[in-house]
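One structure coming up, written as structure tokens, with questions to follow.
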């Protein structure tokens, strides 16, 4: 039996040796290789995880940066929109303010127009009245000048200075002139006292013209009488 066992053991050993020889690798070496493979795979797994984590972190950081960049333009757009709305609100407010001064400017202009119209309306009646007054005063002055210039009183006053013998005729001329001149003076006084109306001025002008026309024949007759008396006085002196 023992011999059989020895023989079998030898055979087994021989078989193992043959296998080792065939493989050329010992089991220890196989185990070491397997351990190294396991370690390498584990290390690779760890490195992969690290790389994935880094990639995830990088991706998250990139996403955060992208989100920030996206949010920044959005915030700028919102700010610009807010500024635009405030500017538009301020623009109508400022636009309404100039409108109010414009309205306020329109009211003084309207007031000025009303004052100008009232002034023109007042000046329009005053201008004809003043022109009528001037015309009436000019007519009265012309009438008084004509009456005073044509009155025989001045001539009667000059005649006594030149010729003394005519003193007898002078009082009659003076009395006649005194009788005529008060009428002209009364007419002139009435013309000045009466208001400057068209009817009053026309009537006064007609009265003055009639008074002047009445005085002119009398004065011409007196002048003719004075001329006739002058040769008689010259003959007496001669």
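FYI, residue positions are counted from 1 along the chain as it appears here.
Using the three backbone atoms N, Cα and C, a Cβ is placed for every residue, glycine included.
The following feature annotations were taken from Swiss-Prot:
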- 139-154: compositional bias 'Polar residues' (COMPBIAS)
- 226-238: compositional bias 'Acidic residues' (COMPBIAS)
- 31-60: domain 'IQ' (DOMAIN)
- 41: phosphoserine (MOD_RES)
- 151: phosphoserine (MOD_RES)
- 153: phosphoserine (MOD_RES)
- 154: phosphoserine (MOD_RES)
- 181: phosphothreonine (MOD_RES)
- 202: phosphoserine (MOD_RES)
- 203: phosphoserine (MOD_RES)
- 1-238: region 'Disordered' (REGION)
Inside 10 Å of the Cβ of residue 41 (phosphoserine), count up the other Cβ atoms and send me the figure.
10
Over the domain 'IQ' (31-60), what is the model's average pLDDT?
83
